[in-house]
Amino acid sequence: MRRITFKRILRSRSTENFSGIPYVMTLLNCLLSAWYGLPFVSPNNILVSTINGAGAAIESIYVLIFIIFAHRKEKSKILGLLTFVIAIFSIVAFVSLFALHGQSRKLFCGLAATIFSIIMYASPLSIMRLVIKTKSVEFMPFFLSLFVFLCGTSWFVYGLLGRDPFVAVPNGFGCGLGAVQLILYAIYRNNNHQGEPKKACGIGGENSLEMNEKEKQYQNGLKTSNSNSLNNGHSQV
């Protein structure tokens, strides 16, 4: 659940290495899906509209929190992406209202919702890359991955039953991507070193090098001491 992630962000007052891209893209997906489900766009899809409308409100809160606690570079990136999201939704809503009617309106809004739903599901790919690189799942919360899988699966089934490709196709993609995230979590869940090389205590490790350096210093000290003793002995003779 995202609430767990944001509890950590609020507690530490920092977004750390969490990515804000999935939250902004989820906001766009919820807005477009809610618009697609409206009766004058897609009849008999009010459930899609109400659920995604609630999702858009929740995601707006998440994005706001992320912007508040993100560092300057990340904050600028998320604000720019949020501007893009608002612009895309405004264009889709304006065109569908004033330029299209009937089936063409449904097709246009459905395609827009499908494209950006797939982008939303693909947005955690950067985090998945980080997981593989660092061999740690610290910044890919389990419950987030689980609910991506469950959400994608449930909406995929809903789309199949309703014979609505604009619901089934993107959520089928999300179901598969959620499954990949869960597989990665299962593989790397016990790694706590976040990809850092282990410090070996034996040959070739840092401790071994430190011991060798100390041994060299000790031997050099003995040589210096013996040399001084010999010089003192010669001077006394």
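Indices start at 1 and increase along the chain as displayed.
Using the three backbone atoms N, Cα and C, a Cβ is placed for every residue, glycine included.
Per TrEMBL, the features are as follows:
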{"type": "TRANSMEM", "residues": "20-38", "note": "transmembrane segment"}
{"type": "TRANSMEM", "residues": "50-71", "note": "transmembrane segment"}
{"type": "TRANSMEM", "residues": "78-99", "note": "transmembrane segment"}
{"type": "TRANSMEM", "residues": "111-132", "note": "transmembrane segment"}
{"type": "TRANSMEM", "residues": "139-161", "note": "transmembrane segment"}
{"type": "TRANSMEM", "residues": "167-188", "note": "transmembrane segment"}
{"type": "REGION", "residues": "215-237", "note": "region 'Disordered'"}
{"type": "COMPBIAS", "residues": "218-237", "note": "compositional bias 'Polar residues'"}
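Using the rule of three or more Cβ pairs under 8 Å, pairs at least 6 apart in sequence, the transmembrane segment (78-99) is not in contact with the transmembrane segment (167-188).
Each of 20-38, 50-71, 111-132, 139-161 was scored by its Cβ pairs under 8 Å to the transmembrane segment (167-188), and the highest score goes to 139-161.
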